[in-house]
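> Taken from TrEMBL, the feature active site covers 162, 330. The annotation active site, proton donor is assigned in TrEMBL to 235. The domain 'FAD-binding PCMH-type' annotation in TrEMBL covers 14-185.
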C-alpha cells in the first residue's frame, strides 16, 4: 500500500521533521514483488532502514520505501567456518547478538552499531579495527536498471573506508539479503587501544565473545547518546586520511594529535580536530556537538535538517582554516 504525506520524524534517528510525498513498507517478499511492478511510477525513491545514517534537509518529493524484511539463518557450516545470512531490514545488532550467542567470531567488534543489515555494506561500517568487508561473503539484490536480481561477491563491491559500490547504486539497487563468513575458531581483534585497555584485566583464557561484545557495548554507550532522547546519527564525519609529510608536519605542531596508521597513510581523528577548533560541547539553538564525543552532532529538540547541515559546515570551515584538512560527512545527506 502506498501512503501519502507521511512525516518521517520517527523514521530517522536525527529526529528531524521531513515529509515523504509517498511512502510504503516492505514487510515480506510479496511486498517486494508489488513494489517492483509499481516503482516505475515514481521519479525518485529512497530505501530507508533504521534511518540511523541519514539527514533529511527538506521534504522528500518522491517515494520512501521502509525496509522491514527480517530474518537470520545459518546457510552453511563446517568445523572452522560458518556462513550466516540475514535479510536487509534486520536490525544489525540483532545479527551481531545472534552470532555472539552462537560463538561465531569476527563480527563482535561491530557490536551496538545502529541501523539495519542492508546499510552495513553500503557504508562498509566499521569499529574498533574491524570493517564489514572483513566478514562479508556475498549479497543479493535487485537492480532497477537491469530489472533482475544480482549477486555481489567481495571483489565486486569496491569496499573502501565508509564506502562501497552500493553508495553509487543507492537509488538503483535494493539489497535484499546479506551473507557473512565467520570463524568458529577463537580469535579476537584487540589492536584498538581503548578496547585493549578495557579488556586488560582478562587473561587470554578468560576472554570470550560475550565479554568482548559487552565491553564494546559499554564503551559505545559511554560515548554516544541515545537517539531516543537526543537525536543524532552517530559519527557525522569520517576520519580524514593524510600522507606522511602532512602527518609529520601535524605531529610537529600538535604532539597530542590522535591518529592511527593505515596501509596508505595516516587517519587523523575527526573528533580530535573538531575538539581542537573548540566545537566539542558547543550548541547553537537546538543543534550542538556532543560534549562526550565531538564527532556526534545533536538535535536537542526541534532542529531542522538545514540547521544541522549549516552547523556541520561551520565545523568543516573551522577545521579547514586551522589544519588545512577537509572533513567529509559520513552521514548520507538527502537534499
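Just so you know, glycine gets a Cβ as well, placed from its N, Cα and C.
A TrEMBL annotation is a machine prediction, not a hand-curated record.
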> Could you tell me the C-alpha distance between residue 235 (active site, proton donor) and residue 330 (active site) in angstrom, no decimals?
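One finds 7 Å between the Cα atoms of these residues.
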> Can you grab the distance from residue 162 (active site) over to residue 330 (active site)? Cα atoms, rounded to a whole Å.
7
> In DSSP terms, helix, strand or coil for the residue listed as 'active site, proton donor'?
strand
> Taking the Cβ of residue 235 (active site, proton donor) as the centre, count every other Cβ atom within 10 Å, in any protein chain shown.
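If we count other Cβ atoms within 10 Å of residue 235 (active site, proton donor), we arrive at 22.
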> For residue 330 (active site), what residues in its own chain, 6 or more apart in sequence, show a Cβ-Cβ distance under 8 Å?
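Same-chain residues close to residue 330 (active site) (Cβ under 8 Å, separated by 6 or more) are 53, 123, 162, 234, 235, 236, 237, 238.
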> On average, what pLDDT score does this prediction assign to the domain 'FAD-binding PCMH-type' (14-185)?
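On average, pLDDT over the domain 'FAD-binding PCMH-type' (14-185) sits at 95.
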